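This report refers to the structure that appears directly beneath it.
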Amino acid sequence: MKSILDIFTRGFIQVQKTVFFATALLFAFSLFTQAEMVDTYQFQNQDDRTRAVELAKSLRCPQCQNQNLVESNSPIAYDLRLEVYKMVDEGKSNQQIIDKMTARFGDFVNYKPPFKWNTALLWLLPVALLILAAVLLYFSNRKKQFSEKVVAQQLENDEIISLPSTFGSSPRKQGEPSKLSKGKVNSKIYFVLFTLLIAIPATYYFSLDRFSRVQQGEQSMIEQHNQNVEMNDEHKNENVIEKLQNKLRTDPNNAETWLQLGEAYVQNNEFDSALVAYSNAEKLSGSKPNILGLAATALYYQAGQQMTQKVEQLLNEALAKDKNEVSSLSLLATIALENRQYQQAGMYLQQLLDSGNAAVDRRSVIQRMKMLDFLQRGEKGQNP
């Protein structure tokens, strides 16, 4: 028996060690993952890096369940985290960055919001109602005890005065309905207090503009995210454009290079030059669906993000030749998103995923679909 117990004890200790090691390993991986999210951004010096990370930790992700911008892996937290890092790199103070974030999302984004009377009222109102309920219950119980004493004294006096009967004294029978009615009254009071305790704070909370502020900030982040997806860094594009131009000088009849040059011009907001490049590609290889879709995108942004007749015509031609044309579906999803047609935008993005086209940036599409889901839940009145 002793040997069996020893074996069991050693086995239990070994299991504990294994669990501890696995926990430590997972914790180490989590730290590494968190550090990796920070290290991908190159700061000018270590002090800026430390300040940026601490500042990002003090800001709440608008989309997550009580996670800061460093802890969260959501797309909006990633974008906000990079925005904080860039503003720190530009030399902006912590207060300037916090003011910009709160102006967009409200005080919800700040883990340490400034004191405001409406916030204090929101937190103190349930406490005040609890205290009020406790006071009312205390006086109600005291009144009940006093009434019971009076009734008991009255019954005692009546028993002394009146003769006992076979069925008991009549005063005791008269006292019972009174107790039942008082019990019903007390139950109603408790129910009313409990209802008020829940209804008043909830009504006041939903009367605040916190959710609408967060939703507006989320919408602005969606628009900014779309622009970041469409437009890359200007200086980087200048180098790409120069390389492509040199390549075309040696081989001007390469349609694929003309397409790449057009995309680089679009990313650099040079839409006129992009349309010239797409036109040259079309002359060399014909009116292919991808060329038409890229040209429609350039025309759309050239017109100030307006759906002109020419843009619509090019989109229809591209999708008639290839219903899963990537640039056309991406543009239609962007237009639907800007018009707050989230369900329609989601359908276009899902079509991109289902197309199986290798040119589709699946990670970017999935991130946009998650944002669409968040916005749809927001329009339905659900808490972000």
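Each Cβ is built from the backbone N, Cα and C atoms, and glycine gets one as well.
Since we're looking at a predicted model, the values are computed, not measured.
Features of the protein shown, as given by Swiss-Prot:
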- 1-35: signal peptide (SIGNAL)
- 36-144: region 'NrfF' (REGION)
- Cys61, Cys64: heme binding site (BINDING)
- 180-384: region 'NrfG' (REGION)
- 221-254: repeat 'TPR 1' (REPEAT)
- 255-288: repeat 'TPR 2' (REPEAT)
Within 10 Å of the Cβ of Cys64 (heme binding site), how many other Cβ atoms can you find? Include all protein chains, please.
16
What's the number of neighbouring CB atoms sitting within 10 A of the CB on Cys61 (heme binding site)?
24
Could you pull the average pLDDT for the region 'NrfF' (36-144)?
75
What does DSSP assign Cys61 (heme binding site), in three states?
coil
